[in-house]
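Feature list, courtesy of TrEMBL:
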DOMAIN    5-166  domain 'CSC1/OSCA1-like N-terminal transmembrane'
TRANSMEM  6-27  transmembrane segment
TRANSMEM  86-110  transmembrane segment
TRANSMEM  144-165  transmembrane segment
DOMAIN    187-341  domain 'CSC1/OSCA1-like cytosolic'
DOMAIN    352-619  domain 'CSC1/OSCA1-like 7TM region'
TRANSMEM  354-378  transmembrane segment
TRANSMEM  398-426  transmembrane segment
TRANSMEM  446-465  transmembrane segment
TRANSMEM  546-578  transmembrane segment
TRANSMEM  599-621  transmembrane segment
TRANSMEM  627-645  transmembrane segment
REGION    710-746  region 'Disordered'
COMPBIAS  714-729  compositional bias 'Basic and acidic residues'
Amino acid sequence: MNVSALLTSVGINTGLCAVLLLLYSILRKQPSNVNVYFGRRLALKRLAHNDPFCLERFVPSPSWIVKAWKTSEEEILGIGGMDAVVFLRIVVFSIRVFSIAFVICFLLVLPVNYYGNGEIHHKQISSEQMEVFTIENVKEGSRWLWTHCLALYIITCSACILLYFEYKSISQMRLAHITGSPTNPSHFTVLVRAIPWSSKESYSDSVKRFFTNYHASNYLSHQMVYRSGRVQKLMTDAEKMYMVIKAASIEQNCKPSLMQHGLCGQPADSFNILPSEDGSVSGKSVVNMELGKSTKESAAAFVFFKTRYAAVVAAQVLQSSHPMLWVTNLAPEPHDVYWSNLCIPYKQLWIRKIGTLVAAIAFMFVFLIPVTFVQGLTQLDQLQQTFPFLRGLLKKKYMSQLVTGYLPSVVLILALYIVPPIMMLFSAIEGSISRSGRKKSACCKVLYFTIWNVFFVNVFTGSVISQFNVFSSVKDIPTQLAKAVPRQVTFFTTYVLSSGWASLACEVMQIFALFCNLCKRFILRNKDDSSSGTLSFPYHTEVPRLLLFGFLGFTCSILAPLIVPFLWVYFVLAYFVYRNQILNVYVSKYETGGQFWPIVHNTTIFSLTLSQIIALGVFGIKRSPVASGFTFPLIICTLLFNEYCRQRFLPIFKTNAAEILIEMDRKDEQSGKMEEIHRQLRAAYYQFTVASHETVASHELCKFECLSHGAKKSSPDPKNVKPGNEPRQRNGSQTVHCDVEENRMK
């Protein structure tokens with residue numbers, strides 16, 4: 001592919017991005033699109049709708065970019081949680097690393113590549129082949145290959161230094177998140193699975209007997225998990241019907257109260273909450289007993305302990321001499337529980353994991369078909385031989401540039417859209433007990449899948465005809481990579497343009513949500529701006545995308561420096577787009593506490609190591625023993641650095657430190673909060689949710705937050721709440737301050 005074909009792809013993607021961003025700056029101002037572009041604010045009821053008609057609404061403006069730039073990290077932490085901050089740290093880390101790579105590669109590597117074959121006079125740049133700008137253009141035995149080795153050292157050392165400080169900072173942030181966040185009921189709760197069945201007693205009695213016998217001093221109470229597939233579906237359907245009836249009552253100018261369950265504010269008897277004498281919510285217990293009559297207990301339960309430290313110890317030790325019985329894990333947060341997977345028999349989990357692994361591998365091999373077809377499009381000569389009837393069309397200059405420079409990456413992007421939903425399904429089948437765990441597992445699967453198919457398969461399959469000959473020489477992988485990667489860098493560059501720049505423009509536009517909103521308003525004639533469709537941030541798709549582009553940047557930077565500026569522009573644009581989406585669109589329903597960063601660290605180390613191995617093979621092919629000799633110690637030092645970080649920081653992300661938990665327990669005991677925490681623990685984990693009961697759960701979780709900040713503080717005026725200090729979103733419902741919530745319950 002020549003430079004003109006690359007410029008065609010650049011022009012198409014730049015124009016597409018500019019048009020979409022201009023449209024977004026106009027559409028976001030329209031009141032009819034408020035539920036598309038301001039879903040988070042709408043869910044928090046902090047968005048005014050009395051916007052009069054004015055011409056300014058139809059004039060593009062960069063106000064959203066300014067707002068995203070001015071928002072501090074503390075505000076992002078308060079709005080999107082720690083996972084949002086970690087995600088943006090990935091973007092910032094990439095901007096810093098590739099800023100350094102941009103300068104080094106364009107000052108040292110690119111001139112050497114361009115004049116590396118000894119030719120002083122070249123064609124016009126637009127007519128040059130892309131190989132002229134890669135390391136393939138450097139002749140064998142050139143004494144200038146030391147510049148590539150030096151650039152590799154600078155990029156690797158810069159990345160490792162930045163990785164270390166980011167890992168250290170995020171580790172400290174995680175510790176502060178544990179100690180400074182509101183009281184978390186999951187710190188006192190252990191999920192017990194594989195409870196042995198007994199004909200003499202129920203599962204509940206077995207749990208009580210076991211933990212009163214072996215954890216008598218720390219055991220508090222427990223709550224069983226019920227097999228409730230059909231019951232839960234009926235409850236969900238009832239809740240949806242209630243929302244429809246409520247919307248109809250609003251249209252009839254009825255004034256619904258926050259606790260209504262019928263038309264015009266008349267309460268429904270089936271969903272009443274019974275108050276108790278001590279002021280706590282006992283309606284939940286009544287509903288639990290009623291549902292318990294119609295449901296069966298499963299071999300799983302939430303066990304509550306008196307202290308955080310006791311819960312951690314119980315979760316980590318082996319409870320029985322039979323490892324497949326009485327299996328314990330720290331419970332996820334209440335809104336993070338993936339209830340449908342708790343009833344899965346524990347003995348099935350290893351079979352499920354093997355099955356999903358086999359299915360994922362099979363899906364990878366099936367996906368070779370579209371990837372190989374894409375690579376066939378990049379080879380114009382072989383494409384003409386395979387499809388002779390296209391020769392006349394492909395001889396046209398513009399058409400050949402479009403087919404080789406733009407079409408392959410678009411076809412691959414469209415094929416990759418089916419990957420995240422399938423991987424999310426595989427992660428759910430595996431049996432994850434939390435929604436965040438399912439999303440983290442899907443993130444890893446999507447990451448491995450995209451790296452394999454976008455990089456390795458594209459490298460080893462030059463065309464449909466030659467794909468079977470490539471795999472016959474897998475034993476010489478470093479040499480194969482050294483030969484194949486520079487030839488495919490042009491495809492990776494166009495992929496960054498199409499999948500990177502264009503995807504960011506589509507992300508900020510929310511094309512699917514906008515289309516659904518238009519259909520709802522103009523076809524279904526529904527004008528209700530409901531926040532029921534608020535979205536959580538798609539970490540399982542966006543984190544792999546960022547890491548894939550970082551992977552391509554590290555492996556290709558010294559081989560073909562022209563990819564670096566396009567990557568740098570992508571990360572800069574991503575910084576503004578994702579900050580805007582976190583501020584306005586996505587709701588933080590649950591989080592992992594920064595668990596995505598170890599994935600980022602490991603992927604970056606893998607990218608650096610692979611880039612060094614490829615450089616080692618290239619230096620061997622180019623017969624540069626000096627550069628090859630200096631690359632060996634760099635590989636060893638990178639692996640040693642990774643091992644140090646793994647020992648120093650990774651344990652913080654795997655388990656909570658005992659000293660921190662003990663100090664938190666002592667602080668709560670001294671302040672007198674522990675008894676109140678114990679009273680509210682059982683209400684935190686509630687399996688059956690309908691409209692009234694969500695209010696109860698919100699009330700109980702709100703009390704947990706009050707316990708860590710003082711339950712008697714008055715609720716601030718919503719008009720005076722600054723961005724970033726807004727109450728955290730819980731499970732997609734409106735979060736209110738404690739005094740307001742208590743008044744609502746009264």
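Going from the start of the chain as shown, residues are counted 1 onward.
For all residues, glycine too, the Cβ spot is worked out from N, Cα and C.
TrEMBL: automatically predicted annotations, no manual curation.
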At an 8 Å Cβ cut-off, counting only pairs 6 or more apart in sequence, do the transmembrane segment (86-110) and the transmembrane segment (144-165) clear the bar of 3 or more pairs?
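Counting Cβ pairs under 8 Å (6 or more apart in sequence), the transmembrane segment (86-110) reaches the transmembrane segment (144-165), since there are 3 or more.
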Applying the under-8 angstroms CB criterion, which one of 144-165, 446-465, 546-578, 599-621, 627-645 scores highest with the transmembrane segment (6-27)?
546-578
With the transmembrane segment (627-645) as the reference, which stretch in 144-165, 446-465, 546-578, 599-621 has the largest tally of C-beta pairs below 8 Å?
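Answer, by Cβ pair count: 599-621.
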Which one of these stretches, 144-165, 546-578, 599-621, has the most C-beta pairs shorter than 8 Å to the transmembrane segment (446-465)?
546-578
